[in-house]
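K.L.:
Got a structure here, written out as structure tokens. Questions coming.
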């Protein structure tokens with residue numbers, strides 16, 4: 001039996017089981033380019049399925065990467081029928097929640113009390129208040145996942161077979177992935193309290209007729225579903241992105257160890273911005289040669305450390321990898337590994353987007 | 001010395017020895033505890049961790065990234081193992097301490113208590129009638145019969161006054177009880193009080209940290225201006 005691991009993402013790109021694919025790493029290593037590339041390759045190889053690429057990074061780049069504007073609602077990428085993108089915008093989502101609260105307060109507010117609440121929330125007071133809570137971006141991304149699961153269960157609206165997350169730098173992502181566990185524990189504690197105080201809490205909420213324990217149980221069931229799906233290697237995987245430099249590798253190692261501790265599947269590393277300078281003799285750039293020597297040193301270490309991982313070595317291109325065409329050209333090396341000799345010319349062939 | 005007094009002194013010595021050496025008990029227990037094997041393993045792991053940490057500090061992470069990272073992984077797993085071992089040792093020690101506590105209760109505390117109950121009235125030494133006569137009956141009664149005499153004393157007064165229960169609690173019989181000497185219960189009580197008094201004095205004189213005298217801050221209000229001269233200078 002051949003136990004060697006392919007240096008590409010062919011198996012993931014053609015996977016029919018994966019529902020959630022996370023792409024993450026240190027800032028500035030090419031997470032967005034890699035997530036767009038994975039999404040494009042999956043969409044191309046499985047044209048009958050629908051894919052959604054969500055950016056959970058507060059500093060969104062999807063619109064820049066594709067050269068078109070995406071918002072908080074999923075919108076199809078121009079030129080692709082089965083790939084949609086969305087950028088979760090915490091401030092816009094909070095503004096929506098605020099507006100909903102205002103309209104609810106106004107509709108209830110024949111007695112003057114509602115008017116007071118409505119006027120208090122006018123001008124986005126709720127958004128201002130909740131926007132400053134640490135981790136709100138991750139919480140909103142998590143809510144988006146929950147909405148997506150609910151839609152799929154109920155068969156409402158547009159459903160997607162696979163969701164690819166272009167995540168924020170490591171710290172944010174780890175907090176996001178910790179949320180199911182944290183929420184699960186929190187809801188267990190809450191459950192204990194509501195079991196004891198349930199009738200009293202419900203009578204407090206009497207006017208609104210909100211069944212708190214019922215809502216909590218529903219939320220708990222949703223969180224548990226997400227937790228199970230995130231820890232199922234057939235459904236969820238994490239693709240680490242890094243560059244061949246010490247700090248990036250160090251953060252990748254930290255990320256991998258954390259993900260393993262969450263029982264999440266992680267078996268792919270994309271190493272971006274490689275120079276492959278020995279095959280680029282015609283330009284004979286001394287600086288590139290020296291830098292490539294350093295990159296090779298770390299590549300050897302990666303091969304030694306992650307021998308059971310798919311390590312995909314991606315070239316540094318001459319131009320910016322922006323727009324669907326450029327991304328498609330670049331992304332082919334995820335499906336079939338980049339050969340510096342045969343594919344060397346591709347890195348100079350990217351269209352200029354300006 | 002009366003044999004009962006000797007046994008009581010033995011109990012007191014053992015109790016006090018255990019009290020004074022309390023801070024060393026954990027150390028002794030860790031050496032005696034059945035988790036010694038675990039402790040040895042713990043020390044080996046700690047040594048291994050220390051060596052790994054030293055090695056990792058001695059090499060350049062940039063030049064030996066793979067080795068450095070592998071060592072870090074080993075360190076992480078060692079930390080986990082060490083933590084588990086620590087928990088195991090602690091739970092074993094706790095169980096062992098529980099057994100020792102029971103053993104102490106069964107071999108020292110309870111027997112001493114029972115001994116005091118059973119032999120509490122045994123006179124450890126007699127007082128001559130002339131010596132007894134120096135003290136009031138109430139005091140000699142407490143010496144010979146213990147603190148129960150304090151409670152029973154009103155009965156003596158009642159029986160003396162109303163001439164009831166002559167046969168059982170007659171004043172003569174009651175007073176005769178007061179002439180038996182000093183009982184073991186009172187003798188042990190006195191001994192313990194003397195020891196604790198000595199402990200207090202030694203502690204206050206030699207062991208307790210010396211308190212600094214309170215610093216005096218001279219406030220504006222407390223400042224007293226002495227008028228030494230009552231001469232008034234006129235313009």
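Backbone N, Cα and C atoms are what each Cβ position is placed from, and that goes for glycine too.
Fair warning: this is a prediction, and the values are worked out from it, not measured in the lab.
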K.L.:
Need one residue: from A:6, A:245, A:304, the one TrEMBL lists with A:26, A:27, A:28, A:29, A:30, A:31, A:32, A:33, A:272 for ATP.
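P.N.:
Same ATP site in TrEMBL: A:245.
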K.L.:
Compile a sequence-ordered list of residues in the same chain as residue A:32 (ATP binding site), six or more apart from it, whose Cβ lies below 8 A from its Cβ; state 'none' when nothing qualifies.
P.N.:
A:55, A:57, A:61, A:62, A:64, A:65, A:166
K.L.:
In sequence order, which residues at least six apart in the same chain have a CB under 8 Å from the CB of residue A:288 (Zn(2+) binding site)?
P.N.:
A:275, A:277, A:280
K.L.:
Taking every protein chain in this structure into account, which of the recorded positions A:57, A:245 has the most other Cβ atoms within 10 Å of its Cβ?
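P.N.:
In terms of Cβ crowding, the pick is A:57.
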K.L.:
So how many other Cβ atoms are close to residue A:26 (ATP binding site), meaning within 10 Å of its Cβ?
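P.N.:
I count 22 other Cβ atoms within 10 Å of it.
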K.L.:
For the domain 'ArsA/GET3 Anion-transporting ATPase-like' (A:18-335), report the average pLDDT of the model, please.
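P.N.:
Summarising the domain 'ArsA/GET3 Anion-transporting ATPase-like' (A:18-335) by its mean pLDDT gives 82.
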K.L.:
Using a Cβ cut-off under 8 Å and a sequence separation of 6 or more, which residues in the same chain sit near residue A:30 (ATP binding site)?
P.N.:
A:241, A:243, A:270, A:272, A:273, A:314
